[in-house]
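Q: One structure, pasted below without further comment.
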Amino acid sequence: EGIGGMSQGGRSHFMTIIEDHGVYGSTCGYCKSEQNTFRSHGMSAHVCSVEDYQHLIDRGWRRSGNWMYQPVLDRTCCPPYTIRLDVHRFSPTKSQKKVERRLQAYLEGRIDEKGAPTNNARDPPSTAVAATGAEEDVAAAVIERAVTRALAK
C-alpha cells in the first residue's frame with residue numbers, strides 16, 4: 001500500500017497521517033520576489049513513516065519541519081531541481097580538489113580571501129572550536145553509518 005498505510009510489505013508499524021493543503025503561492029527565497037510567484041503543493045505531515053517519507057523524497061517532495069511541499073516546476077518563478085549524489089561512487093574532480101586545498105589554506109590563514117599568501121599562518125585550529133582527532137573519527141563513523149543505512153533502503 002502507498003502513502004497513508006502500511007508500506008512496502010508492512011515494514012512500518014504506524015500509519016502516515018497527512019493534511020493536504022493543495023497548491024499555494026508564496027514569495028520566493030531565491031529571486032526575492034515580493035509577489036507570490038513560487039508555487040508549491042503543500043501538506044502537513046502529522047506522522048510519517050520512514051518508507052512513506054522516502055517515497056515522497058524520491059518523487060521530488062521536500063520538507064521543513066512538519067511541512068512537506070513539492071514545487072510546481074512549470075508554474076514557479078525559480079524551479080529548484082533536485083540533484084542526487086551517490087557518495088560511494090563520488091570522486092572529486094581535479095578542480096574540486098583545488099578548491100578544497102584553497103579553502104583549507106584560507107582556513108589555516110596561509111592565504112587571504114583573494115588567494116594572496118599571508119605571513120600570519122595560524123596554528124592548527126584552536127582546541128576551543130576544533131574537535132580532537134578521536135571526536136572527528138567518531139563523527140565521521142556516525143555520518144558514514146547513517147549514509148550507508150540510507151543507501152541500503
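Easy rule for this one: first residue shown is 1, then count along the chain.
Here the Cβ of each residue, glycine as well, is placed from N, Cα and C on the backbone.
TrEMBL entries are annotated by machine, without manual review.
So TrEMBL lists these for the protein:
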DOMAIN    26-98  domain 'N-end aminoacyl transferase N-terminal'
REGION    110-129  region 'Disordered'
Q: For the domain 'N-end aminoacyl transferase N-terminal' (26-98), would you mind checking the mean pLDDT of the predicted model?
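A: Mean pLDDT across the domain 'N-end aminoacyl transferase N-terminal' (26-98) comes out at 89.
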Q: In the domain 'N-end aminoacyl transferase N-terminal' (26-98), how many residues does DSSP put in helix, strand and coil?
A: 14 helix, 19 strand, 40 coil
